[in-house]
Amino acid sequence: MSSKNRWLVRISFALFLGYVYFTISSRDGIYSFLFLNTILGYIPLELALQIKPRQNNFVLFILTFLWMLFYPNAPYVLTDLFHLAMLDPYNSATGLMEFNLHLWLNFTNLVASALACSLMGLWSLEHVANSLLAHFNIWNRLNKNILTIALILISSVGIYIGRFLRLHTAYLFLNPQWVVQQLLEMWNTRMLIFVIFMTIIQVIMWVTVTITRASLDSSEEAIKKAAQPKE
């Protein structure tokens, strides 16, 4: 990502966070959680921007470790969409959806945060995977796909931890022994099925983004060639 695009992303998130804070969180409404969750969803992106293929091993390890701790917060925001159930969009008498702009504003806020965090989170995941493989000189398409899916699987476990165990990253530093105990006791069939569900969602998003990006690149290249003046 170019320096210009990095700052464009940063400024866009800052503006969105300001909007969320002043229009939602400051009013202590039912969606006041959105401000904090969006910040947490942005952190892995900023950490990924600091990771480079040619980097000191210790620095790379620390940044990657921190990224892995915070990355699940990005796709986690997708689970906030369940809070749309609080909107009650249907008219009890007719059973039809009501045209309520306040309702659609809340819908827009939740979906915008979920899309921004999850899609930019996927960029950070691919960037980290590419950087790690390039650092150890083992990059190829197969290794990239394997590492990407492995990181997605790990993040799905992280989503479960955040959503159902309610363990935040800070707890790992404040009370590590208790956190380890919770992590050891969480494994069961229902938990594994949830992890599979979250993995499927993320893999579908990743494949869709990858195909779309490749198709657009091919299309733009073909258009450029067609636009060149013929001799």
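Cβ coordinates are placed from backbone N, Cα and C, and glycine is handled just like the others.
Feature annotation from TrEMBL assigns transmembrane segment to 7-24 (among others). Under 8 Å from some Cβ of the transmembrane segment (7-24) lie the Cβ atoms of residues 1, 31-32, 34-35, 38-39, 42, 45-46, 109, 112-113, 116, 120, all in the same chain and six or more residues away from its ends.
Residues or ranges marked as transmembrane segment by TrEMBL: 30-49 (among others).
Positions annotated as transmembrane segment by TrEMBL: 58-78 (among others). Long-range neighbours of the transmembrane segment (58-78) within the same chain, counting only residues 6 or more positions beyond its ends whose Cβ lies under 8 Å from a Cβ of the stretch, are 37-38, 40-41, 43-45, 47-48, 50-52, 113-114, 117-118, 120-122, 124-125, 128, 131-132, 135, 151, 154-159, 161-163, 169, 172, 198, 201-202.
According to TrEMBL, the feature transmembrane segment maps to 103-125 (among others). Below 8 angstroms of C-beta separation, residues 1, 9, 12-13, 16, 20, 23-24, 31, 34, 37-38, 41-42, 44-45, 47-49, 67, 71, 73-75, 77-78, 80-81, 83-84, 87, 89, 148, 151-152, 155, 202, 205-206, 209 of the same chain, each at least six residues beyond the ends of the transmembrane segment (103-125), sit close to that stretch.
TrEMBL lists 146-165 (among others) with the feature transmembrane segment.
Long-range contacts of the transmembrane segment (191-209) within the same chain, counting only residues at least 6 positions beyond its ends with a Cβ under 8 Å from a Cβ of the stretch, are 75, 78, 118-119, 122, 125-126, 148-149, 152-153, 155-157, 159-160, 164. What TrEMBL records for 191-209 (among others) is transmembrane segment.
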Point to revise | Other parts of the chain folded back onto the transmembrane segment (30-49), taken as Cβ under 8 Å at six or more residues beyond its ends | key: 1, 6, 9-10, 13, 16-17, 20-21, 24, 63, 66-67, 70-71, 73-74, 76-77, 80, 83, 86, 106, 109-110, 113, 116-118, 120-121, 123-125, 127-128
